[in-house]
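**Student:** If you scroll down you'll find the structure; I have some questions about it.
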Amino acid sequence: MHDPLGNPVLRNARRIVVKVGSSLVTNEGRGLDAIAIGQWCEQLAALIKDGREVIMVSSGAIAEGMKRLGWSLRPKAIHELQAAAAVGQMGLVQMYETKLRENGIGSAQVLLTHADLADRERYLNARSTLLTLLQLGVVPVINENDTVVNDEIKFGDNDTLGALVANLVEADALIILTDQKGLYTADPRKDPAAQFVHEAKAGDAALEAMAGGAGSSIGRGGMITKILAAKRAAGSGASTVIAWGREPEALIRLTQGEAIGTLLVAQTQKTQARKQWMADHLQLRGSVTVDPGAASMVQVGGKSLLPIGMTGVQGDFSRGDVIAVKDADGVEIARGLANYSSAEARLICRKVSSEFEKLLGYTGESEMVHRTNLILSR
């Protein structure tokens with residue numbers, strides 16, 4: 001029997017991304033499994049009522065579309081896959097909406113592509129929307145927008161999308177529910193000596209050799225995609241669990257600390273990982289100058305930069321670009337992701353958030369740079 005207090009990683013996780021595979025959602029392609037989806041939704045509701053925030057990344061649109069269209073074999077033509085995704089997405093989202101509503105929880109459909117997360121402005125827009133939904137106690141149900149993006153159907157997988165969403169919202173953990181118990185040292189269907197891996201470091205090169213290429217004929221991803229997804233999620237400090245989706249009360253038991261499935265532990269803390277990524281990969285586009293009070297709040301207080309504390313804007317930058325924050329002497333004190341373009345920043349400089357709608361024509365974030373997107377300069 002597992003020690004229920006033996007795994008603090010999931011027990012302490014407050015923001016969780018759950019990814020469930022198509023073979024589970026559609027009962028191996030035989031149509032949406034209403035009982036299983038209902039059980040997951042019941043668990044999601046319990047987690048939210050426990051004060052956690054949860055995002056569901058669900059495969060199954062293409063598989064459900066195939067069932068509705070009477071196709072037994074997954075087609076190879078892109079336009080047929082897109083058609084199946086369009087047909088299946090209707091039923092998939094309706095099922096989640098119904099089952100979550102039965103448990104008193106609201107839901108929202110969010111369709112993303114990798115391109116949405118590669119563009120800085122769209123990245124921030126998606127992040128803001130998802131964080132707002134979480135604050136409202138709503139479960140975002142996310143899928144790839146297979147209907148319009150060719151190479152996502154051809155090359156993408158929802159394991160990767162789950163990891164990207166974990167990066168996007170700075171999740172504490174990614175739970176990948178699959179039709180396998182977890183990771184073994186070899187394929188247990190071929191090697192009777194294969195040993196189960198209870199815990200390992202995310203990104204360990206040896207894991208990829210263990211994973212092999214086994215996967216479902218209904219979905220796109222095998223165990224190797226899950227290992228790579230865990231590595232990607234660890235880049236923003238999120239640990240990953242790969243577990244059997246039919247395990248009774250799996251989500252509840254995991255968040256109570258029970259050791260179910262394979263735990264792949266991130267080696268970097270969430271905040272450190274995100275800020276290191278910003279420092280390494282994003283180019284400086286401009287700067288803002290701030291008054292002594294704002295400088296102190298950013299440097300000493302660890303607070304967000306508010307427009308009312310800005311005294312000047314330099315350069316030409318867009319929302320999502322990296323800008324420098326300079327004190328009254330022109331010395332850089334921090335860098336961060338701008339919530340407003342340089343043109344907008346000039347309009348709201350020295351203004352309070354209640355004035356933004358009149359000045360900009362809309363109400364956006366109250367911060368010029370949120371504290372989670374700020375890196376103090378040395």
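Cβ coordinates come from backbone N, Cα and C, glycine included.
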**Student:** What does Swiss-Prot list, out of K19, K49, K326, as binding the same ATP as T178, D179?
**Tutor:** K19
**Student:** Roughly how many angstrom lie between the C-alpha atoms of K19 (ATP binding site) and D146 (substrate binding site)?
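**Tutor:** Here the two Cα atoms are 16 Å apart.
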**Student:** Other residues with Cβ within 8 Å of the Cβ centroid of K19, T178, D179 at the ATP site?
**Tutor:** V20, G21, S23, L24, I176, L177, Q180, K226, I242, G245
**Student:** What does DSSP call N158 (substrate binding site) in the simple three-state scheme?
**Tutor:** helix
**Student:** Can you grab the distance from D146 (substrate binding site) over to T178 (ATP binding site)? Cα atoms, rounded to a whole Å.
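**Tutor:** With distance taken Cα to Cα, T178 (ATP binding site) is 20 Å from D146 (substrate binding site).
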**Student:** These are the binding-site residues: D146, D179. Which one scores highest on other Cβ atoms within 10 Å?
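**Tutor:** Of D146, D179, the one with the most crowded Cβ is D146.
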**Student:** Pull the DSSP breakdown for the domain 'PUA' (285-363) and write it out as helix, strand, coil residue counts.
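**Tutor:** For the domain 'PUA' (285-363), the helix, strand and coil counts are 26 helix, 24 strand, 29 coil.
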**Student:** Summarise the model's confidence over the domain 'PUA' (285-363) as a mean pLDDT value.
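**Tutor:** Mean pLDDT across the domain 'PUA' (285-363) comes out at 95.
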